[in-house]
Amino acid sequence: MKEIIVALVGQPNVGKSSLINALSNAHLKVGNFAGVTVDKMEVSLIHKDHQITIIDLPGTYALNDFTTEEKVTKDFLEKGQYDLILNVVDSTNLERNLALSAQLLDTNKKMLLALNMWDEAKKEGININTEKLSQELGVVCVPTSARSKEDRLNTELLLDEIVRLYSQNTTNNENIKVPSQSFKESLKYSQSAQRIAKSVISENKQNASFEHTYKIDKILMHQRYGIFIFLGFMFIIFSLSFLIGGGVQKALEEGFKILSDSIKENVANEDLASLVGDGIIGGVGATVSFLPLIVVLYFGISLLETTGYMSRVAFLLDGILHKFGLHGKSFIPLITGFGCSVPAYMATRTLQNYNERLITLFVIGFMSCSARLPIYVLFVGSFFPSSSAGFVLFCIYILGAVVALVMAKLLKLSVFKGQTESFIMEMPKYRFPSWRMVYFSIYTKSLSYLKKAGTYILVGAILIWFMSQYPKNDAAMKTYKQESLLVQKNANLSSEAKEEKLKELKTELDKKNLKNSVVGRGGAYLEKVFNPMDFDWRLSVSLVTGFMAKEVVVSTLGVLFSLGDQNEKSDAFREIIRKEVSVPSGIAFIVFVMFYIPCFAATITFGREAGGIKFVAYLFIFTTVVAYAFSLIAFYATQILV
């Protein structure tokens with residue numbers, strides 16, 4: 001079977017990822033804003049006895065290296081191994097797109113043109129003469145539409161053309177040299193694109209979509225109220241996360257608790273019962289139960305992304321962001337940080353200014369990722385009534401964003417000084433969300449969350465259980481056996497009283513074993529570090545394990561708080577937290593989690609994007625100092641207020 005390697009190239013926001021999803025049934029992230037693809041991705045499919053590997057390159061307006069994403073595309077086209085170029089253009093904005101097409105033609109590589117968003121062009125009254133366009137460019141032009149499954153157009157034909165073009169005897173230029181980007185060269189490509197577009201386009205423009213966009217923008221992009229409208233949308237999303245997801249989460253939590261209690265009651269081997277019930281079910285179950293809240297959060301953000309609203313918010317906030325040393329383009333990485341810090345760090349590649357890029361990288365971690373949400377929900381649910389929980393959750397996220405801005409300003413004034421870049425961006429048209437794309441966005445992120453729960457969160461929970469069980473406290477065990485024997489021989493006690501007394505002795509033994517274990521001893525030292533905020537050793541240990549993944553914080557607490565609580569009528573997880581942790585300590589714990597260093601995977605990505613291990617060290621010091629300082633302030637402020 002022959003393999004065909006296709007380089008997928010196009011300007012930002014032309015639907016490259018949507019097209020590749022339609023061709024291969026992949027689930028690449030799709031968004032109605034520039035910078036969704038920030039590194040090359042590849043998918044493979046079989047078509048007519050050929051394995052077609054499509055490499056989705058970052059969107060670029062021209063073949064230069066002003067930004068990291070543009071450099072990735074240029075370097076691959078010059079040095080990468082591929083058989084042909086599939087150039088995707090926006091049919092509703094052909095002239096601008098053809099400037100890049102003209103550059104690609106000058107590489108003398110086999111090329112195919114996909115006229116994407118053909119359905120939208122038709123709706124807007126734009127008619128493109130594909131035969132004449134093919135003659136002008138000397139390549140086959142295929143009209144395509146990939147926005148939804150129902151509206152797909154010519155995806156099979158496009159694959160046929162890829163195979164046909166690959167099979168042609170024309171030779172490729174093996175020594176690809178991307179054309180220079182001097183002003184004179186840029187002007188030449190722009191003029192060429194303008195001439196070709198005029199010759200192939202006949203318009204009977206239907207201005208309805210533009211009128212609708214203008215009317216919507218008059219409201220959403222209002223100079224005074226636009227920001228408050230955006231905050232309103234975010235408040236609704238967080239409130240619904242707690243309102244809708246919270247009910248399902250409580251049901252799942254109760255289900256896992258029943259399962260855990262059942263295992264501990266029916267498994268004869270006490271250690272095995274504790275491992276499965278407290279370690280695996282208590283740890284992993286505590287994490288999985290928060291999935292419904294995360295699904296609602298992902299749904300809301302995906303809707304805002306696919307409609308094109310997020311790009312407008314970037315423009316709306318540009319003035320504010322510049323005052324704090326950031327850039328309008330910083331908004332997309334920052335808002336992406338609400339989902340996961342890893343793609344957020346990678347999304348900073350769209351920033352051209354080195355200092356602005358580094359500032360954005362350093363403050364992304366203050367935008368609370370979805371992995372922190374279960375921690376917030378657990379503690380907010382423990383200390384605040386359900387009626388106000390959504391508002392408190394919203395305030396947590398807003399506080400994180402405000403601190404990110406303040407820290408960005410401090411970094412700008414002290415470390416990363418220099419001129420700021422002007423902000424020029426393309427405003428995409430408002431589009432009705434593709435429910436299929438929204439579904440796949442939620443599906444892939446939820447699946448990733450569950451994979452974490454089933455892999456290293458599971459491993460982490462088991463390790464925490466073992467380290468919290470061993471070594472045993474032999475002296476306490478000896479005392480327990482002696483006192484248990486005395487209780488059993490005491491004729492003055494009823495059977496019910498004996499059972500209750502034995503349970504109390506067992507609970508006391510478990511607590512002593514826990515303090516004598518590896519985790520207990522290590523936690524005693526950590527407790528001294530966090531003593532000013534009155535964090536006990538269990539909270540302290542969970543913060544350390546949270547560096548592996550923030551989801552592990554909840555699973556660690558689930559393991560440590562379930563051990564030593566052998567009462568079958570024990571309260572739910574929130575009740576245990578409320579009983580064991582003071583309100584000031586709980587608030588301080590939330591604040592520390594908000595600001596301390598991201599998970600291991602995100603930290604590695606940060607180091608790669610920032611430029612080396614020294615920046616990771618700077619990030620650790622920076623985030624730890626910020627987290628400790630704000631946590632301390634929150635603790636004493638809450639003590640005064642409560």
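Here the Cβ of each residue, glycine as well, is placed from N, Cα and C on the backbone.
The model shown is predicted, which means the values in this text are computed figures rather than measured ones.
What Swiss-Prot records for this protein:
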- 3-168: domain 'FeoB-type G' (DOMAIN)
- Gly10, Gln11, Pro12, Asn13, Val14, Gly15, Lys16, Ser17: GTP 1 binding site (BINDING)
- Gly35, Val36, Thr37, Val38, Asp39: GTP 2 binding site (BINDING)
- Asp56, Leu57, Pro58, Gly59: GTP 3 binding site (BINDING)
- Asn116, Met117, Trp118, Asp119, Ser145, Ala146, Arg147: GTP binding site (BINDING)
- 226-246: transmembrane segment (TRANSMEM)
- 279-299: transmembrane segment (TRANSMEM)
- 361-381: transmembrane segment (TRANSMEM)
- 388-408: transmembrane segment (TRANSMEM)
- 447-467: transmembrane segment (TRANSMEM)
- 541-561: transmembrane segment (TRANSMEM)
- 586-606: transmembrane segment (TRANSMEM)
- 615-635: transmembrane segment (TRANSMEM)
Asp56 (GTP 3 binding site) versus Ser17 (GTP 1 binding site) - Cα distance in angstrom: 7
Rounded inter-Cα distance in Å - Pro12 (GTP 1 binding site), Gly59 (GTP 3 binding site): 4
Binding-site residues clustered about Gly15 (GTP 1 binding site) [Cα within 10 Å; pool: Asn116, Met117, Trp118, Ser145, Ala146]: Asn116, Met117, Ser145, Ala146
Listed binding-site residues among Gln11, Asp56, Leu57, Pro58, Gly59 whose Cα sits within 10 Å of Met117 (GTP binding site): none
Assigned conformation of Gln11 (GTP 1 binding site) - DSSP reduced to three states: coil
The transmembrane segment (615-635) and the transmembrane segment (361-381) contact flag, 3+ Cβ pairs under 8 angstroms: yes
Tertiary contacts of the transmembrane segment (447-467) (same chain, 6+ residues out, Cβ under 8 Å): 274-275, 278-280, 282-284, 287-288, 291, 294, 370, 517-519, 541, 545, 548-549, 551-552, 555-556, 558-560, 563
Chain-mates of Gly10, Gln11, Pro12, Asn13, Val14, Gly15, Lys16, Ser17 with C-beta within 8 Å of site centroid, GTP 1: Gly59, Val88, Asp90, Asn116
Packing count at Ser145 (GTP binding site) (other Cβ atoms within 10 Å of its Cβ): 24
Binding-site residues listed as Asp56, Asp119, least Cβ neighbours within 10 Å: Asp119
Pairwise Cα distance for Asp56 (GTP 3 binding site)/Lys16 (GTP 1 binding site) [Å, integer]: 7
Densest Cβ neighbourhood among Pro12, Gly59 (binding-site residues), 10 Å radius: Gly59
Candidate nearest Asn13 (GTP 1 binding site) in space, where candidates are the binding-site residues Pro58, Gly59, Asn116, Trp118, Ala146 and distance is Cα-Cα: Gly59
Where Asp56 (GTP 3 binding site) sits in the secondary structure, as DSSP reduces it to three classes: strand
